[in-house]
Amino acid sequence: MRHNKALTLRISEIFYSLQGETTRVGLPTVFVRLTGCPLRCSWCDTTYAFTGGRTLSLEEILAQVAAYTPRYVCVTGGEPLAQKNCLKLLTALCDAGYDVSLETSGALPVGEVDARVSRIVDLKPPSSGESTKNYWENLRLLRQDDELKFVIADRADYDWMRRIIVEHQLAGCCPILLSPVQNMLSPQTLAEWILADRLPVRLQVQLHRLLWGEAPGK
Ligand code: SF4
């Protein structure tokens, strides 16, 4: 299949690493990080992706991904869906035979994403300062191969998340991931809260940070 050379995206970085989060944690993965995000979460750890990067054609991106001969490709940001050509990139990656996941803020609609893509959808809690941006209609679209992710900074976020799971009947619709914000909530405390409440969720810590700290391109 030939792709339109004029079709471009603004790319912050393309790199090969171990997936640090989600149910694909630990799997060697190519990450395609798109530049730009309309949100400004208080604890964002990828602020460097808000601006800059390079404009690459779809063919250039596919060639850089293919050079790693990966099985798994993760499209992330920033907020990748803020660039309309992201949808075409996702479809092209699926067409190329990769197992593709998309990490999105949950503030933009995911309904037009290629059905072969596993969508990792955040819900922004109060501590982010961006919880009014959550696009609630996304929740009705979640399938078993999608994942819902809450980043938790404190007890207020945790209680909010518990209420959202009940109100929207989210238990069982797809894996639910809880991530503590680094240096704000210890994984141990979050683990104890989850166990005390017998929550149907999965605690995750960021494997790439355990392995490599804040090193760029990891
Ligand atoms: S949505 Fe993600 S990239 Fe955007 S500000 Fe929030 S944490 Fe950062």
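Every residue gets a Cβ built from N, Cα and C, even glycine.
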Quiz item: L18, Q19, G20, R33 bind substrate in TrEMBL, but which of T55, T69, T76 does that record place at the same site?
Solution: T76
Practice problem: Going by TrEMBL, W43, C44, D45 bind S-adenosyl-L-methionine; tell me which of G78, G97, G106, G111 is listed for that site too. | Solution: G78
Quiz item: Cα distance, G20 (substrate binding site) to C44 ([4Fe-4S] cluster binding site), nearest Å?
Solution: 16
Quiz item: Under a threshold of 6 Å between Cβ and any atom of ligand 1, which of the binding-site residues L18, C37, C44, T46, T76, G78 are retained?
Solution: C37, C44, T46, G78
Exercise. Sequence order is fine: just name those binding-site residues in L18, Q19, G20, G78 with a Cα within 10 angstroms of T46 (Mg(2+) binding site).
Key: G78
